[in-house]
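What TrEMBL records for this protein:
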- 10-306: domain 'Acyltransferase 3' (DOMAIN)
- 12-33: transmembrane segment (TRANSMEM)
- 39-60: transmembrane segment (TRANSMEM)
- 81-103: transmembrane segment (TRANSMEM)
- 123-140: transmembrane segment (TRANSMEM)
- 149-169: transmembrane segment (TRANSMEM)
- 175-193: transmembrane segment (TRANSMEM)
- 205-221: transmembrane segment (TRANSMEM)
- 233-253: transmembrane segment (TRANSMEM)
- 265-286: transmembrane segment (TRANSMEM)
- 292-313: transmembrane segment (TRANSMEM)
Amino acid sequence: MEKQPGQRIVQLDYIKAISILMVVLTHGAFTEAVRERPIFVFLINMAMPLFMLVYGYVRTVTDRKKRESRRSKAVAWSKKIYNILIPACIAFVIELSLMYLFNGHLPADLLRLLWEEGGIGPGSYYVPILLQLLFLYPILQACFHKNSILTTAATVAFFLAFEILAGRFIDDKLYRLLCFRYLPFIVAGMNMAKYRGSLKKWKNSIFTLSVVSFVWLYLVVYRDYQPRIFSRWTTTAGPVVFWAMSIMIVFLLYVKPLKGIFGRLVSEIGQSSYYIFLTQLVWFGVPLRPQSLTGLPAIVLNWICTVYFGIVFKRIERCIYKKIFTRPKKQTKN
């Protein structure tokens, strides 16, 4: 994977596109038996770990470019806050408006839902986690830039301590909202970005380590293993990081850019993944989907509606963004 500076890595768009489709899929009505099928355990459930890997990867690459271009840190920071908060607030207002329109009232426990769940709808923890990472990542990146090995080791040690303490002192609702549970994936993505030129050299080592993740998933899903640490959301916990890294390496090294309208569509879905995520919050949270529809028709309808309206949402919101952050060109006097 040799890319010129400034050239977009479309494989990352493909990863995000597949991941967001898997997120929508997991929020459908499936039995526990279906969710224990290998395709769910070893692929579909990897959506969030892959998003966190891509987050660490992309932030590491783009932040290096920004240091070179010396862009205003204040402006860059405000844009990042805007990119997370404003679309989320728009989606939340739409969600509440539709709930009131359909039900004639808002949820009685609205404040509790915001405080304990992070919002309304499946995956509502994602926005609070992104906001936390907005503050945490610069610290990680500054340390990583000085000494990547020491920072990686310290992050893993902190993560282990967090998991041990969280098991005793933090309940499930709070744990779900904390970004620390995804630290291994963030720092793994950062390392993959740093050593992206030598991924071919390291791929076999990662593939070998993915056996650890495979065994972990096999034990917790099919052998009812009850771990003392990493005991919550076990199928996306820290030990699966090598499995997620292996999937990402396969995409980066072996997936060629897709051509034609299909390639452009997949890239567009990947670039719109956050907006599609917010759209699915509304779709499932209100809910808008027909409750009587099940099986493949329900899956297809969920995908079509969330992807289509997510892309439309992105294009409308980006027009607003450009009006806020694009400076008008100064007219030169003749």
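Using the three backbone atoms N, Cα and C, a Cβ is placed for every residue, glycine included.
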Between the transmembrane segment (175-193) and the transmembrane segment (123-140), are there three or more C-beta pairs closer than 8 Å, counting only pairs 6 or more apart along the chain?
yes
Long-range neighbours of the transmembrane segment (12-33), counting only residues six or more past its ends (CB under 8 A)
40, 43-48, 50-51, 54, 57-58, 122-123, 247-248, 251-252, 255, 258, 266-267, 269-271, 273, 276-277, 280, 284, 294, 298-299, 302-303, 306-307
Which sequence positions outside the transmembrane segment (81-103), separated from its termini by at least 6 residues, show Cβ-Cβ distances below 8 Å to it?
110, 119-121, 127, 130-131, 134, 274-275, 278-279, 281-282, 285-286, 288, 313, 317, 320-321, 324-325
